Each structure stands twice: as C-alpha cells, then as structure tokens.
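Taken straight from Swiss-Prot:
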BINDING   Gly67, Pro68, Glu69, Ser70, Ser71, Gly72, Lys73, Thr74  ATP binding site
Amino acid sequence: MSVDQEKLKALNEALGKIEKDFGKGSVMKLGEATSMSIDVISTGAIGLDIAIGIGGLPRGRIVEVYGPESSGKTTVALSCVASAQKDGGIAAFIDAEHALDPVYAKALGVDVDNLIISQPDTGEQALEIAEALIRSGAIDIIVIDSVAALVPKAEIDGDMGDSHVGLQARLMSQALRKLTGSIKKSNCVAIFINQLREKVGIMFGNPETTTGGRALKFYSSVRLDVRKIDTIKQGDKVIGSRTRVKVVKNKVAPPFKQAEFDIMYGEGISKIGDLLDIAADVDIVKKSGSWYSYNDTKLGQGRENVKKFLEDNLDLTTEIDEKVRAFYNLNEEHEESGTSVSKEIVEE
C-alpha cells in the first residue's frame, strides 16, 4: 500500500527539522541498520557471551549484575573490564562499597594502573561522578559497585534511627532517567552491581528482591543473576567455586539462557575450563568417559589435566576457541528486531 505523497513530504520536512535542531541520528527508521548497530564488550567467559546471545554485553546499554554475597558478581564485572581494556578501551570503577582489591583485580587481567577509580562518600556523589565520566564520551565501560552502597546524603547526615523510606529508590530513579541517554550517546557499557534482600511476609513465590527500587529493573537491557552452585576442592583445600549465571532479562536476544563456569580463587574465571566445557558440549572436543580428544590429538584424561594441557598449548586452544565461536556465529553479524547487531570479539 503506497504512502500518500503529501504525508511523505510533511514527514521528511519534520525529520529534517528534528535533525537540524537535535543532531543527526536523533530520529530514524528502525530498519536503518547502520544507525542501529550494537557493538559489544566480551564478558571474558565464552559461555556467558553465548548465553547473552550477541557475544557479550551490549554497548550503550545498562546492565545489572546481582546475586547473593560472594557469588562472583564483582569478578564477572572485573572480567568485563579486563576484556574492554585488552581491546584498547578505557574503564572506570565507582567503588561505593570501598572494597575493591587491586591485587585481585590485577590477577583477573585488569590494567589497574589505567583503571579510573572513585570511592565516593554519598550516593549522589557517586552517580554525579558516573554521569560526568559517561558524558565525556571517553569511557568504554563503567562499573558501579554496588547499588546498595549508594546511600543518599540525607541518610548519611541523619541520625542512626531516622526513617528514610524510599529515598534510595527515588535517587536511583532520578539518576537513571538522566544517565540512560548519555550512556547510549557515549556507546558505553554501564554495569550496576546489586545485592539481594528478602521481602518480609512473602508466603508464596520468590521472596528475593534487589535493592534500590524498581527503576534499575526497567532501565537495564540485560540482567544477570549470579549464583555459586558448588565448591571446587583440591583434596581438602577449597580452590574455587562453580558459578551459574542466568540471563533473566535480555532486550537484545532471547532471555533465560544460562552459563556455568569455574571461578578460581586468586585467578578469576577459568576461561580455558569454560572453553573446554562448551567445546565438549558441541562435540568440537570429543569426550569418551574421562578422556578428551580433539581431531587426532589426545588431550588427556580428566578435566583438570586437560585444562593444564591446553594452558601449555595455546595454539591449539586458540584453534578450538575459533571453532566454538564459528559454531555459535559469534564472529558474524546477527539480526535483532530487524536491526544489524555487530560485535567486537575480544581475544582471550
């Protein structure tokens, strides 16, 4: 059905005026792929990149990472920071909890010398610093750790027993209204780490909820639920934890996929272990009993031994990595709602 020419002329005039007043790209047709392409930053865990569906965290969007204490939330966020820095990006970390361990961050691959860090006194200060950094257009990824620690100034200045109902939720709602547009324009990934609380008096359904009100749930394009599901031991010594990340909200691909990987204490996400699991799942690496093989090469017996073998043979590891990425089309363009979605694949 043809569009009325008078309407089309009026529309083009209106679009021209809007672009003149507000800048090119302020309004467009959804099918204009070049204007709507979404780049990504790898999470550093290939299984999680696959679960998100586009090969990593989408740039220009807000991401919420939440879960119980010591589940691996900050480790996942720092792994994303390390990936961005390896690709030449600039990263910032708003440490509202005043708990960032630079030694651990360095072990995860973070370039701590060039990491921009702030340890603000109040929630308002934290979010204003974040806004200023994002508006500069120079930041590729920013992490706010955590939402629960973004305490409003009125609460800090008040007495211990004072009631401040809804103050933090209003602060988050106001801040996110301002930040969303700036994050999109700067093509930055904004990761908000959040904690869990339990609703009082819930008899049925899930009593868990995140702090800071509902605004972050709405504004987030991706929400990741991080849980520790098992402990990794070497004899009697605990050396890490098995972690499951579920994509509970996803605006750029189908949601509810999940990834499992090892977080080794003092090392972070076991990237080679994650790659081995994914490769075995899709038969790129063959598994027979406890033996692993790739093409005509026997990799070894037992998962830990094979991980060590792959660590010592990085050329072979790179070859397997490329085959896994090709299998899941992580090196190709994807279409999302009629929009071309391109990705930056970060070399592990």
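Including glycine, each Cβ sits where the backbone N, Cα and C put it.
Sequence-distant neighbours of Pro68 (ATP binding site) (same chain, six or more apart, CB under 8 Å from its CB) are Leu196, Arg227, Lys228, listed in sequence order. In this view, Glu69 (ATP binding site) is surrounded by 8 other Cβ atoms within 10 Å of its Cβ, with every protein chain counted.
Sparsest Cβ environment among the binding-site residues Ser70, Ser71, Thr74 (other Cβ atoms counted within 10 Å): Ser70. The 10 Å shell around the Cβ of Gly72 (ATP binding site) contains 24 further Cβ atoms across the protein chains shown.
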